[in-house]
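Chemist: Encoded as structure tokens, here's the structure I'll be asking about.
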């Protein structure tokens, strides 16, 4: 009943209006899995390759017909007849057939779409929700938790057309007792922030991930307006709501210095930028900082981990790119204490689960994440619950591509009840 009988790839549109790959995997018995690959804007240099056509006459070169052709041709031929329940085998077949270190022959976007679609089809054939199937693949059947959301309510950097350097300013509703309550709290702060920004004559247009993208006097001002909104919404900063940031520092790393336009083009060394961030953590209850330095600045990261690693969560995104080889090196060298998990950085479900396991086994936390280019595909919600990862980043309280994930989490929490606890701040490293 779980034998693959047909695989279909197609080019669809993501939340930025760019093409991406969608795959359908059909099994005996009529079971079907449908999944789409996301796409990043600020990308780590060591990510698996997202294959684009490069034909400027079509979608400005961003078409994915080559990746779709790989799905409909060699990938389909290789996996038809195979058992979709054997996820590791399906993924290995595709990876081996691609034969490159970074999936550049078929594209990580092609391989991932089929990998996730196969998992969804297998779950359907077993009569299980996707999160339950993922828990079984993870070797942790029946072990679930609801993730603490990091809600990106002010967008900067590569995710917005404004003068804010730091890419994401996030709130975490740690005072909530349930995921559903956390979403309500986040929504209330999000709408209150709009009023605060309007009262200051600032714009409330949103960026790629649904957060506001105003021009601000400095990076610290983003934290100040969020603090004002939290209070105006009736919550206590540090008790009900904590803060998190994604610096995406590789985006403003130039000639060995961190150059911040929002700070008057001031240039910082690794140590100076670490202390700049440390000062912000003393002013505001920031409990998590992602990519606080450039992905190649491992000496700087070692220093940053020494200074901040016992106090807050330091998440590696561009730093680790969901890659177990790189993560292993980071663990051995004591770099950061958490990993951001993005399916398409590595390109298959099996490799994603391996990265989560390696992180947890080493005492690192794992934060499940969307990309700035998303679709209505909500698989990351099931991944977060099915691996009991504990934390999720899936944008703000607007844009259907973001809200789709929150709504799926609401459904899952309703289905699982007490068997999927919401642990709040306990999930965050250092808290």
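The backbone N, Cα and C atoms fix where each Cβ goes, glycine too.
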Chemist: Among 271, 272, 278, 290, which residue does Swiss-Prot annotate as binding Mg(2+) at the site that also has 246, 317?
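Modeler: Among 271, 272, 278, 290, only 290 appears alongside 246, 317 as Mg(2+)-binding in Swiss-Prot.
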Chemist: For the (2R)-2-phosphoglycerate site, Swiss-Prot lists 342, 371, 372, 393; sort out which one of 167, 283, 431 goes with them.
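Modeler: Between 167, 283, 431, Swiss-Prot records just one in the (2R)-2-phosphoglycerate site with 342, 371, 372, 393, namely 167.
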Chemist: What binding-site residues among 246, 290, 317 are found with a C-alpha within 10 angstroms of that of residue 372 ((2R)-2-phosphoglycerate binding site)?
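Modeler: Matched binding-site residues: none.
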Chemist: Spatial neighbours of residue 342 ((2R)-2-phosphoglycerate binding site) among the recorded positions 209, 246, 290, 317, defined as Cα within 10 A: which are they?
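Modeler: The recorded positions close to residue 342 ((2R)-2-phosphoglycerate binding site) (Cα within 10 Å), listed in sequence order, are 317.
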Chemist: List, in sequence order, the same-chain residues at least six positions removed whose CB sits under 8 Å from that of residue 393 ((2R)-2-phosphoglycerate binding site)?
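Modeler: Those within reach of residue 393 ((2R)-2-phosphoglycerate binding site), by Cβ under 8 Å and sequence separation of 6 or more, are 149, 150, 152, 168, 170, 246, 340, 367, 368, 369, 370.
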Chemist: I'd like to confirm something. Which of the recorded positions, 167, 209, 371, has a Cα closest to the Cα of residue 290 (Mg(2+) binding site)?
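Modeler: Nearest by Cα distance to residue 290 (Mg(2+) binding site): 167.
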Chemist: Please identify which of 167, 372 has the densest Cβ environment, defined as other Cβ atoms within 10 Å, among these binding-site residues.
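Modeler: Within the set of binding-site residues, the most crowded position is 167.
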Chemist: Count the other Cβ atoms sitting within 10 Å of the Cβ of residue 209 (active site, proton donor), across every protein chain shown.
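Modeler: Counting Cβ neighbours of residue 209 (active site, proton donor) within 10 Å gives 31.
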Chemist: Whole-number answer please: how many Å between the C-alpha atoms of residue 167 ((2R)-2-phosphoglycerate binding site) and residue 209 (active site, proton donor)?
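Modeler: The separation of the Cα atoms works out to 10 Å.
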